[in-house]
Amino acid sequence: MASTPRIVIIGAGIVGTNLADELVTRGWNNITVLDQGPLNMPGGSTSHAPGLVFQTNPSKTMASFAKYTVEKLLSLTEDGVSCFNQVGGLEVATTETRLADLKRKLGYAAAWGIEGRLLSPAECQELYPLLDGENILGGLHVPSDGLASAARAVQLLIKRTESAGVTYRGSTTVTGIEQSGGRVTGVQTADGVIPADIVVSCAGFWGAKIGAMIGMAVPLLPLAHQYVKTTPVPAQQGRNDQPNGARLPILRHQDQDLYYREHGDRYGIGSYAHRPMPVDVDTLGAYAPETVSEHHMPSRLDFTLEDFLPAWEATKQLLPALADSEIEDGFNGIFSFTPDGGPLLGESKELDGFYVAEAVWVTHSAGVAKAMAELLTTGRSETDLGECDITRFEDVQLTPEYVSETSQQNFVEIYDVLHPLQPRLSPRNLRVSPFHARHKELGAFFLEAGGWERPYWFEANAALLKEMPAEWLPPARDAWSGMFSSPIAAAEAWKTRTAVAMYDMTPLKRLEVSGPGALKLLQELTTADLAKKPGAVTYTLLLDHAGGVRSDITVARLSEDTFQLGANGNIDTAYFERAARHQTQSGSATDWVQVRDTTGGTCCIGLWGPLARDLVSKVSDDDFTNDGLKYFRAKNVVIGGIPVTAMRLSYVGELGWELYTSADNGQRLWDALWQAGQPFGVIAAGRAAFSSLRLEKGYRSWGTDMTTEHDPFEAGLGFAVKMAKESFIGKGALEGRTEEASARRLRCLTIDDGRSIVLGKEPVFYKEQAVGYVTSAAYGYTVAKPIAYSYLPGTVSVGDSVDIEYFGRRITATVTEDPLYDPKMTRLRG
C-alpha cells in the first residue's frame, strides 16, 4: 500500500474515531488517534451523550451532516445490531407559535430531502400514548430520526480501524504541538513526540486548550447541561426488554426546553431550562484515566437538583405517567457551544496542516467526519462548509468575553423560535462605521452581522411614504415576514431609483493585495483575467478545484503592484493570506506578496441613483462623466477636499460609485455629500432597500445564492469565467460545462399573487415534487411583486409554474427571465 500523510487525530470520541474510519475508507493508512482517557471510555462528551438525533435543521449543511450520521450508524453493526435505533422523532407544540414553527420546520425537511409530516393532537397521542393530549396542539414526526449508540459506535469504529492499521493510544495526554517553517510537524506527549504531517484536533470541549498550543483562538465555551434518569415508570413496564431499549420515538418539548428518550422502563430527560453553567476546564483537575467510569468522568459534573425542579414539573404535565416515578440520578454534562451555534471545522490560519473539528455533537458526528476526510484527502468537502469554517469569525468575535456571552446566549435560546433576522441584544456596537452618529440622527434601525452595526432603514424617511406614487407601496406582510422589516424600505428604494441615495457599505470586507507577486497570486486564484491596466475593476470568482464557487469578489487594480479586493468576510481573508504565504515562501523575490485587511481603517459610501452625478459634481472638480470614469473603472478623486478612491460600480442597478476613504475622513465625506445632495433630495438608505434592489437586478449573494456546492454556470455566473485564461484554480473541472447543459440552474421566481413574501430556505415544488429551495427572497419594490431565487432542474423552463411552501401553505410562482430590472444595463451605464 502506498504511503499516505502521517495523520494524528487528537480525541477518540465519536468525531475522532469516525474521522479515522472515513480516512481509512479513502485509502489513507498512516493514522494515530490519541486520547487522554482510556479508549473504552474516554470521558468526553461522547461518553455521556444520550444519543438523540433529530435531523431537521434550518441549515442545509447541518441537516446533511445529520442524514449521513444516521446512514452510517445504521450500517455500523455487530451481531446483527446496528448503532442506531430508528424509532423516529416527535416534536410537539403546546403554543401556537411553536405549532407554526413546526410547519416551517417541515418545510426545511422537505427542502433537505427528509421525510416528515405534521400530526394532529390525536395522532401525536396515538404515536406516543404517554402524552397528555389536552395540552398538545400538534407535532412534527420524522420517521428516520432516532437514537445513536455513540459509545458503542466508538468501540466498533476503533475495532474496525485498528484492523485496517490505525494506531490508538489511550491515556495519552497531549502537551504541545511541534512545528517548523509555519507547518505542523508533530504532537508532543508525555511519552515523546509523534511525527505528523497533519494534525486534527477532535478534542471536544478541550479543543480551546489544544488550539492555544499553537496560539490559535478556538471560539467554544464548555457549558453544563442537565440530564436525568427516572425510577421505573409503571406505564413502561414490559415495553422494552433491554436496559437502554426504546420503542417510542425520541421526544422534544421545545416550548419547555426539554427532550426525552426511553431507557428500558425508565425515562431519560434532558433539560436546557436552567441557567447557563459555563465550565472552566482548568478547574476539572488532573485527568486520572484509571478513575474513569460510567458515573465518574471529566465531562460529567455533580447534579444540581434545584436547577432541574422546574423541568421536572413541566415533564409531569406533558407526560402524566411520570408522576408515578421519581428522579433516580442525574448529572450536569459538559457540551461545547460556540458564538453562532455552529461547529468549528477546517484548517487553522495560524499553522499549516493543523485542523480542527470541534463543537460537534453526536447528531452531526459522522457527517462532519466525512466532510473533514474529504477536505483532507481532496482539498474540498462535497458539503459546503462556509457556515462551519473555523476562520469565519472576525477578530472581535474571538475574544474570551465575546465567546462567553454569545455562547451562553445560544444555550439559553437553543430551542427558541428565532427569526432569520433576529438581532442579538448583546453584545452590540462592537464595530461601527464613521457614519454611525449620522445614522443615529436619522433614526436608523440597526441589525448586526460580523460585529458590525448595519442600518436596515431610517425612520427619517417615513414621511416619504406619503410622497411616493401609490404603485410603490408594498403589500401588507404577514406577522413573520413583517418582523424586522418596514415599508420605509420601499420609500428608500423609490428614492434610489428616482433621485439619489447614500448607502453605508463600510462593513463589507476590504483587502489590499500588494507586492511584485500580487498579480501572479490573483491570476491563479480568480476566474477573470486581471492583467489589465491600473484603474480596472473586475468582478470575478474564487473556485475550489472541483469548480465550486468558494466566493465572489471585486478586484480593483490601483497600481501595477497594488489591488483592492471587495471580499466576503474572514474566510476570504484567511484564504488569501494562506495563498500569499505559500507563494512568498516557495517563490523568488519577485513572487513576494502581502495581504492586509483594510476594512477597519477605511470606509465606503455607495452613492447611487440617476442624480448621483449631479450631486457629486457639486463637491468635486474631477471628471465623473462616462468618459471620465467608465463603468467598472476606478480612480483617485477629491470630494469636498477629501481624498477618495471612486469605483464605478453598483449593486442596486443605478448610476453611481463606491466611494472609499480613510476612516478618519469618513464623517467629513458623509457630511459633504449630504449637504451637497439636499437640492437633489438625497436620502440615507439601508440594507432592506439594498437587498430588494439587488434581487431586481439579478445580482447573486455568495453563501446563499451560490456556495462550493454550485458551479458558476449553475449559478448563472458563467460570464465571470474566462476559460481562455491560461490557468486558474478550478479551470479543469469546468471544461465542457455550460449554463444550458447544467442539470440545475439558479432561477428567478416571481410570486403570482403579488403579495406573498417568503424569506429563504422554503422548499420549492414542481409537479408536486420538492426540487429545490429558496436561496434569496425579497419584495421587489420597483417591479411591484415578490421575488425569490431557487436552484431548479434544468428541465424547468421560463414560464413554468412552481409552488413555494411557506408555513404549510403553497404559494404559486412563475419562473422568469432575469434580471427583472434594466436587463440592457442602460441605467448603470447612464
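Using the three backbone atoms N, Cα and C, a Cβ is placed for every residue, glycine included.
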Looking at the (6S)-5,6,7,8-tetrahydrofolate binding annotation from Swiss-Prot, with Tyr539, Gly566, Glu658, Leu659, Tyr660 already listed, which candidate in Thr554, Thr573 is the matching residue? Thr554
What residues, ordered by sequence, lie under 8 A Cβ-to-Cβ from His48 (pros-8alpha-FAD histidine) and sit at least six positions away in the same chain? Tyr227, Met297, Ser299, Arg300, Phe331, Gly333
Tertiary neighbours of Tyr259 (active site) (same chain, Cβ under 8 Å, six or more apart): Leu52, Ile250, Leu251, Arg252, His253, Ile269, Gly270
Cβ neighbour count (within 10 Å, all chains shown) around His225 (active site): 21
Over all shown protein chains, what is the count of other CB atoms within 10 A of the CB belonging to Asp552 (active site, for 5,10-methylenetetrahydrofolate synthesis activity)? 26
Give me the Cα-Cα distance between His225 (active site) and Asp552 (active site, for 5,10-methylenetetrahydrofolate synthesis activity), rounded to a whole Å. 40
